[in-house]
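First comes the structure, then the notes that go with it.
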Amino acid sequence: MKNGAVIIPAAGSGTRMKLDYPKQYHAVAGTPIIVHTIRAFNKHPCIAKIILVVPQDHLEESKALLQKYQLENISIVTGGARRQDSVLRGLQEVPESIDIVLVHDGARPMVSAELISRCYKGAQQYGAVIAAVPVKDTLKRGAGRIVTGTVDREGLWQAQTPQAARKALLVKAFKENGMRNVTDESTLLEGVGIPVTLIEGSETNIKITRPEDLILAENFLREKKEPMQKIRIGHGFDAHQLVEKRRLILGGVEIPYHLGLAGHSDADVLVHALCDALLGAIGAGDIGRHFPDSSDAFKDIYSIRLLESVMQKVGELNYKIGNADISVICQAPKLAPYLKQMQEIIATSCACQISDINIKATTTEKMGYTGRGEGISCHAVVLLQQ
């Protein structure tokens, strides 16, 4: 189950890039740098919340950018004088329910889903981690232009982001060490005695700082956009009988009706069909294999919990939902007033945007068992992207 948030500080200037606007708004491969960065986290199965920290005078521009690129469920706050002030403002927006907080530079658009996962899982295991790569080049110490010594690179690492920690540890670090000027969160954590574990970063996960960095980013992101994504498609179907003395739950929503669906769980045909579609897409059988009706553990369970479990399996294979199309076949009751609420619940459970989930209801014009009001059925088709 996703329990992570990411703070993306993007309140810097474009001075070293020789721009008259913040570098994160500069387009690379046809898309602003900050949009590339947000997209890397937006559908990641571990990330439940994104907090974007931007300059005060670019707040409205940032809001318009998110709307233009249909980036939903993102909180925007304005930054402070120092990076750590910006991160602290973002940290104050992290929900109480979140356990793991990642911090990632807005100008590192080439971060991979695999690196995000490594940092998230590393923080779960160790408490605090930092993405880094071993220093490969020979390092020289100098005074002016004169070499005064060679630095032993043994044990030296080049820090990157994401940097991740349990929220409580990060809050402690800011409370006890926040007045000190630092360049990253790891230094804050180290300063209060919290061990920070090195996580293998990536040579391509560069921070765009100088004009020449744009050449690498342009080539990398353009190549990344061009190949066809690995996709998988699944179809699911479920049907349950309508009976007395049962609640009617569809798409996680309780619907007022004198009949409910019979079943071992809450018999939510919509969620069950979607679970089967997801399991089918990843080649993992069906819902009965994973949640058998012979187990008391699933007796009367709210099926959204089953969906969250299935999505965890999907995420472990580094897949995410591209879109899902769901058709409920039901003569009565009328479902139209409840479809938006269903859509919101499903999107939240699947860690995707509301626009990625389409739910529609139809009838069989009083033909067959659904037409006679004996039951409700549902078809679901889902596309997964890696």
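Placed from the backbone N, Cα and C atoms, the Cβ positions cover glycine too.
For 1-231, the entry in Swiss-Prot reads region '2-C-methyl-D-erythritol 4-phosphate cytidylyltransferase', with the evidence type sequence analysis. Annotation source Swiss-Prot lists site 'Transition state stabilizer' at Arg16, Lys23, His264, Thr363, citing sequence analysis. Annotation source Swiss-Prot lists site 'Positions MEP for the nucleophilic attack' at Arg153, Lys207, citing sequence analysis. Residues annotated as 4-CDP-2-C-methyl-D-erythritol 2-phosphate binding site in Swiss-Prot, with sequence analysis given as evidence: Asp238, Ala239, His240, His264, Ser265, Asp286, Ile287, Gly288, Thr362, Thr363, Thr364, Glu365, Tyr369, Arg372. As annotated by Swiss-Prot, divalent metal cation binding site applies to Asp238, His240, His272, with the evidence given as sequence analysis.
When Cα-Cα distances from Lys207 (site 'Positions MEP for the nucleophilic attack') are compared across the binding-site residues Asp238, His240, Ile287, Thr362, Thr364, the shortest belongs to Ile287. Using a 10 Å Cα-Cα cut-off from Asp238 (4-CDP-2-C-methyl-D-erythritol 2-phosphate binding site), the recorded positions that qualify among Lys23, Arg153, His264, His272 are His272.
Sequence-distant neighbours of Tyr369 (4-CDP-2-C-methyl-D-erythritol 2-phosphate binding site) (same chain, six or more apart, CB under 8 Å from its CB) are Ala239, Gly375, listed in sequence order. Cβ atoms within 8 Å of the centroid of the Cβ atoms of Asp238, His240, His272 (the divalent metal cation site) belong to the same-chain residues Ala239, Leu261, Gly263, Ala267, Asp268, Val269, Leu270, Val271, Ala273, Ser377, Cys378, site residues excluded. In this structure, the CA atom of Thr362 (4-CDP-2-C-methyl-D-erythritol 2-phosphate binding site) is 18 Å away from the CA atom of His272 (divalent metal cation binding site). If you take the CA of His240 (4-CDP-2-C-methyl-D-erythritol 2-phosphate binding site) and look 10 A around it, you hit none of the recorded sites from Lys23, Arg153, Thr363. Look at His272 (divalent metal cation binding site): DSSP puts it in a helix.
For the recorded positions Lys23, Arg153, Lys207, His240, counting C-beta atoms within 10 A of each C-beta gives the highest total at Lys23. Cα of His264 (site 'Transition state stabilizer') to Cα of His272 (divalent metal cation binding site): a span of 12 Å. Take the CB of Thr364 (4-CDP-2-C-methyl-D-erythritol 2-phosphate binding site) and look out to 10 A: across all protein chains shown you find 14 other CB atoms. Put simply, Ile287 (4-CDP-2-C-methyl-D-erythritol 2-phosphate binding site) is 53 Å from Arg153 (site 'Positions MEP for the nucleophilic attack') when counted between their Cα atoms.
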